[in-house]
Structure formats: C-alpha cells, structure tokens
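Inspection log for the structure reproduced underneath, given as structure tokens.
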Amino acid sequence: MNNEPLRPDPDRLLEQTAAPHRGKLKVFFGACAGVGKTWAMLAEAQRLRAQGLDIVVGVVETHGRKDTAAMLEGLAVLPLKRQAYRGRHISEFDLDAALARRPALILMDELAHSNAPGSRHPKRWQDIEELLEAGIDVFTTVNVQHLESLNDVVSGVTGIQVRETVPDPFFDAADDVVLVDLPPDDLRQRLKEGKVYIAGQAERAIEHFFRKGNLIALRELALRRTADRVDEQMRAWRGHPGEEKVWHTRDAILLCIGHNTGSEKLVRAAARLASRLGSVWHAVYVETPALHRLPEKKRRAILSALRLAQELGAETATLSDPAEEKAVVRYAREHNLGKIILGRPASRRWWRRETFADRLARIAPDLDQVLVALDEPPARTINNAPDNRSFKDKWRVQIQGCVVAAALCAVITLIAMQWLMAFDAANLVMLYLLGVVVVALFYGRWPSVVATVINVVSFDLFFIAPRGTLAVSDVQYLLTFAVMLTVGLVIGNLTAGVRYQARVARYREQRTRHLYEMSKALAVGRSPQDIAATSEQFIASTFHARSQVLLPDDNGKLQPLTHPQGMTPWDDAIAQWSFDKGLPAGAGTDTLPGVPYQILPLKSGEKTYGLVVVEPGNLRQLMIPEQQRLLETFTLLVANALERLTLTASEEQARMASEREQIRNALLAALSHDLRTPLTVLFGQAEILTLDLASEGSPHARQASEIRQHVLNTTRLVNNLLDMARIQSGGFNLKKEWLTLEEVVGSALQMLEPGLSSPINLSLPEPLTLIHVDGPLFERVLINLLENAVKYAGAQAEIGIDAHVEGENLQLDVWDNGPGLPPGQEQTIFDKFARGNKESAVPGVGLGLAICRAIVDVHGGTITAFNRPEGGACFRVTLPQQTAPELEEFHEDM
C-alpha cells in the first residue's frame, strides 16, 4: 500500500501499559428497574464461580424477588457493616472488609446508591473506585436515569427528578458495559405479577413512572447510550497500530472538493446523501503545488464550498500533499470514512488517461466511490473583470522570469563558447540544465520552460554543425535535442514543485510561529484593552491589515476599545447583527459583501464575546482559504482570552461575595447570640407578668400580653438569624429520622396555636405517611410558611395545608386566599433579606423563606412559590420519598 503507516499514540500506549495494575469494571446497564440487571449480574457471577474464580457478594438488593435470591446460592456473601445513626442501626457495604478479603471479583449492586452518613465515601461509585484502584474486579448495575448527563432528560420525560446520579466519566471508564434489555410490555407484565415491586407499589408504579410511553423513551435512551459507547470503542480500537482499513460498520461520507466549477452542487449532493443515510460526513480540499497557479476567483470558490459544507453540518479540513489521492485515502482511513464523493466533469480531455477517481480506486479499492455529474465543463482560466489586476501582477512576474531566463541562457552560451575547445559539445548540455534549475528555483515553472526551449535552440545554433542555423549535420543530434528538452522540462517542473513545497513549509512555519506568539501574548493580558491591542498588533503583522476589536458595553451596545487611524467606518447595524447572530459579515460573506472590511464574531463555545473588524490592504489576499482559516483561528484565540477574563472576573466577584457573606453571617451570629440571653429573660418576665396581672384581673393584663407576643416575635427573628448563619456556615448536622407527616404538621400547628385566629384546613394523605427528615428543622419550614401566610394574607384569611404522594415524591402545599405574590417575584422571594413588598408595614427582615429554602435543599427537595388561580399564594415543598423501613422496625425505633 502506498500510504504511510499510522504512528501509534504515545499516550494510548502508556494507558495500555498501566491498565493491568487496575481492577476491571463491568456494568450491567438497563433502562429502568425490573429489566433483570441484578439477575444477569448474578448469572454471570455463577458462571465464573463454576470456573473457579474467587467471587464475593459485596451488596446485592433482591427487593424480595425469589428468583434473584435463588441466584445467590453458592456465592460467598460479605457481611454488611452496621453503624449507628440517630439511635438506629443502618447496614452498609463494608469497604475495609472487602479490601482485606481481596477477592478476584466483587459484586456491587446499585451503582448510584448514596451511602449512610459516617461512611468513608458519600457514594457507592466512590467505594467501587477504591476497589478498582486496589486491583479488584467489580460487577455493578445502574439504570439510565442515574447517569448525570441524562438526569434532566429523564426527569423531563417522566416528570420525576432522580437525586442519586453517577458521573458520566466513571461510567465511560468501565471496561465493559452489558445492556440488559426488556420490551416495555414484558416489563409491565412483570410488574403486574409482583416480580418487581410488592402489589401496592406495583400498581402505583404502573400508573406513574412505568407508563408505557416512559418505558419506550427510557429504552431508547439506554440503547442510544450503549450504541454511542460501542462506537467510541470502535474508534479507539481503530487507533491501534496496524488498523488502517476502513470498517464499514456505518455509513460515513468524505466529500472531496476540487477547483472545478460546480463544487457547491457537489456539497449539496453530499449533504442530501448524508441526511438520507443519517451519517456523519466530512469535506476536504487538498492543497497541491498547482494551487498557487489558480486564480483568486477559484480560490474564493473553494473557500465558499468549504463554508457551505460547514454550514450544512460537515466537518471540514484542508490537507496538503503533492499526491491528492494519497492525502484523501489517509484522511478517510484515519476517520473511518467508507464513501468518497467526487465530482465527475462533463468532459474529459484526451491526454488525461487516468482521472483522480481512477487513481483513488487503484490505491484504495476498499473505498466506495460516488460520482456526481457536474453540469458545467471544467472552467478555463480567463482573465475576467474581478481578477484583472491580480493576473497582471502575476504575468509581470512571469515576464520578468522569462527575461531573466533569456539573459541567463545568453550568459551560459557565451561561457560555453569559451569552453568549446576544452570540452565536448555534449558535456556543455549540463551547463544549460543548470540554468534551467536556477530559473525554475527562483521564478517557477513557465520561465523554466522558456529557458529550456531557448537552451535547446542556442545549443543547436552555436554548437552543432552547421553553426548559425537550426539544421543539423547528424540525425543523432535530434535525439540529443529531444532528451535535452525533456530533461529540462522535467527538471524545471520538479524544481518548481520543490520551490512551492518549500514556500508552503515556510508559510506554515510562519503561521505556527504567529499563533504561538499570539497565544503567549494573549495569555498574559489582564484587561480587554490588552487583548485588543495584542490582537490588532498580530493581525497587522500577519495579514497586513488594520483591525478593531468591538466589545459590548453595559447596555449591550458595541464599542471599540482602540481607534486606529485610516479605517473605513463600520456599519453599526451590520456589526450588531453579526454580534447577535454570531455570524461573519462584510467582504467574502453573504451579508454586505461589497464593503472593504470583514466583521468576524469572537465566539467561544456558544457565547459571543465581541467582534473584530478587519480591513486588509489587499482584500484578495485575505480571501484565500489559507488566510481565512488562519484569521478564524486568530479570532478563536482572542475569544478564548476574553472568556478567560470573564471567568476570572466572575470568580473574583464570587470570592468577594463569599467573603462579604461570611463577615455578615459572623456579625449576625454574634449579634444574635448577644440578644438571645436578654430576650429569653425578658420573655420569661413578660410571661410571669402576664399571668400575675391576669390572675389579679388587672386592666393592664392585655398590655402585658402584647409585650409578651412582641418579645416572642423578636425571639423568633433572632432564631432565624442564628439559623441562617448556621446553615450558611455549614455548622449543623442534618439528623434525619422516620416521622409521620401528621406528627410533624401537628407539632408545627401546636407551636403556632396562640397566633392563629382561625383553624388551618388540612388535607393529608392516608395515615402513617412516613417521611425521612430532620424533625425540628422541617417543623421550622412549616412554621415559617404558616407565619408568612398569617402575616401577608391577614388574620381572617383562609389558610390550608395539602399533601399527597406523587410517584417517588411527597408534595406538600401551604396556601392562603390572600392578595398573593407580587408578579415576577416567585423566585426572588426566597433570597435572603428579600420581601415581597418592601413598602409593606408587615414586620420582618425577609429571612423566613430563605431559611425554608436552605432547609429543603439540604433534605434534597425543592420549594417553589406561585399564585393560585382562585386567588392567594401557594408555597410547594417537594421531597424525595425513600423506601420506608418495615413496620416492625419502625415501631422499635419509635
């Protein structure tokens, strides 16, 4: 094969060398619970145990399934570690015992499981990571909804937010992933038969999470995720040394763009084919020594075709190789592209016996070719209007080269005439060939052709008898002339090609040096002005162009950072359009192409940070594909530098905000501590005074009761300040326990009973609804929400608490029929020190709802606010429901 072998990736070889020291991870992957992941894992473990492998069961959840429990027979089970937590004993995986036991393989069910507080790692996947680092192989299971990248997608489909997730990099790093699949109808039948959940849970699951539409969507996500992983494995394997053939595992298209007319038709045909096949496609153009002979019009057509391909979804590249077919085949093999799309001109010149398609088929017969007919014949190079000046400049150089060629031939002839007596005439041919090489080296192909012809004529006139005429006395000299002409043409052509390759190499070295120097200069920039000055300096030196960097001000209006002299004023409307759309405008684009400048957006990722306006001295030089690609790379470097400044500024603001918050919390905590003791004493004295005056029947008993109530309100405010400071500093431990919802609500109502003028409407689910919460903290949430309703809805307003279980979540609403929330403040009302109506006479500092959100967040839930259609406000708390303990265990804990 004519292609050079691909060199192995050193990083990949290092990874392969280090791989055997780490345990292997095998993931049994499924769409949802009940598809048979655990059973498949145990079946594989039983097969390996029969082969003599040392296997230990670390954690396997049978969920009461008899067939799953039966698969555990014969397997060694590692005892779970029981640890005390708030008076209860929780069983968790014993990581230290597993490391001490060091089996060859350990089974770890439910990869996304969250460990109990006090464990070494908060997540089970972190336990597995430590096992792998110790060289122990691991089998585990996970559902698609637990992958971090798909968590939002799944919640959008099912309406249920899954809290336990696994980072995608950990899943992707698994050595093997086994997809365990089950059709939705079969899975629903298993649910009905009680093979997944117990009867009551199964009925609710079928109506909510396990709806057929949900199962189909989850199944598609699991299949796609597995297919993407398999495709990535195939690509990684193809990177191994020696894998050079294209694998036709899926349709992938490579479009070859030439300099013939009709390239845009070719691009559109490739895009249509890729769309029908649902495949990826690439578009490439190969730079050859012939490129420098193309007129600027054709170069712009090549650039336009590459841009069109990129707009239509292709990955574009510009290759460089004297042999086009070798570059195309090498690129196709590197990217596993099995279909090559080529343009077939309408006519074929008689002297071209082998076309590009023929050469491609000869060196790569395994690649499929798709030929697209070009309606127009190959365009000839004509000096028409837009390129007259450029062609004149080129012809001026060519004519100068021809004059130099003639002069050099004359000098060689004079020297050879002096040496004629010492050397044979045939040996003087070498001098003429040397002249051809010199002309080709400095002036290119056509002057070397002229030099070759003049040399042959001069040799005949001055050195072959009869001298002074073109006639020859010996027919053998005709062969000498033919060889001399042929060798001269070949040497001239080869020398011109070498000259072009040297020029290309010099250009690439210069381009690389400019990119390196620019990136180094941008890296030390500390302000947008530094970035703008650096970019304008390098654009001026590289492209011989003036430029301006435009950045948006606080109002979004684009403003220049510098004011270079002599630039054409740019159009504000077009610049704003380019910034808003993130698309280039001006010369060489489809938007305002007649202006003498080009506007390029400074984009990094999906965000546009500004614009750069470039006005070159020679617009044609800027329009050639190589220069355009270099300019686009420059703009990307500038955008990355601006992004770095933005991120640095955001980080600094966040740091300062955090420091301010810490100081404020410390001040509030200190102030609240100083106030708590006198308030406690004052409340006690007010309580005694109220009771004494009431027992005496004093008319001042009412005033004493008001004093007591105001002291109580102030005490609650101080407690809120302390709680917020404690939550923000992280200085509290969440002490969850199993409580009934009725108990928590009743306790909160009892605390507020003196301040409630009317009873609360309650609508709670069936008795003994268990919630896993920190009792005092969650009571504080209900107290704050009810106090908020009493304050803003009025003492005579109707207030209620509704609760119901929806799927895997408990939804609790605290509502009233008061004036409702101010429009647009449904989210900001939960901020610290935020109040719905700042001019309101209702006392308070705006901490109650902020504390509610903080407490709900640490419980893994959410809290939202909205106005009810029938009037009034509603605050909704959503908590994830965990599997409740068995009733007997619950009574023991109670």
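Every residue gets a Cβ built from N, Cα and C, even glycine.
Not measured: the values here are computed from a predicted model.
The topological domain 'Cytoplasmic' annotation in Swiss-Prot covers 1-400 (among others).
Sequence annotations record features per position, and here Swiss-Prot assigns transmembrane segment to 401-423 (among others) based on a curator's inference.
Sequence annotations record features per position, and here Swiss-Prot assigns topological domain 'Periplasmic' to 424-427 (among others).
Annotated transmembrane segment per Swiss-Prot: 428-444 (among others), in sequence order, evidence recorded as a curator's inference.
Here Swiss-Prot flags 446-466 (among others) as transmembrane segment.
The topological domain 'Periplasmic' annotation in Swiss-Prot covers 467-474 (among others).
Residues or ranges marked as transmembrane segment in Swiss-Prot: 475-498 (among others). Here the transmembrane segment (475-498) has long-range neighbours at 289, 322, 426, 429, 432-433, 436-437, 439-441, 444-445, 448-449, 451-453, 455-456, 459-460, 464, meaning same-chain residues at least 6 beyond its ends whose C-beta is under 8 angstroms from one of its own.
Annotation comment: Swiss-Prot describes 499-894 (among others) as topological domain 'Cytoplasmic'. In the predicted model, the topological domain 'Cytoplasmic' (499-894) shows an average pLDDT of 81.
The domain 'Histidine kinase' annotation in Swiss-Prot covers 670-883 and rests on sequence analysis.
Under the heading phosphohistidine, Swiss-Prot lists His673.
If one looks beyond the transmembrane segment (446-466) by at least 6 residues along the same chain, the residues whose Cβ comes under 8 Å of a Cβ in the stretch are 398, 401-402, 404-406, 408-410, 412-413, 416-417, 420, 425, 428-429, 432-433, 435-436, 439-440, 472-474, 477, 481, 484-485, 488-489, 491-493, 495-496.
Tertiary neighbourhood of the transmembrane segment (401-423): same-chain residues 431-432, 434-435, 438-439, 442-444, 446-448, 450-451, 454-455, 458, 462-463, selected by CB-CB distance under 8 Å and a gap of 6+ residues from either end.
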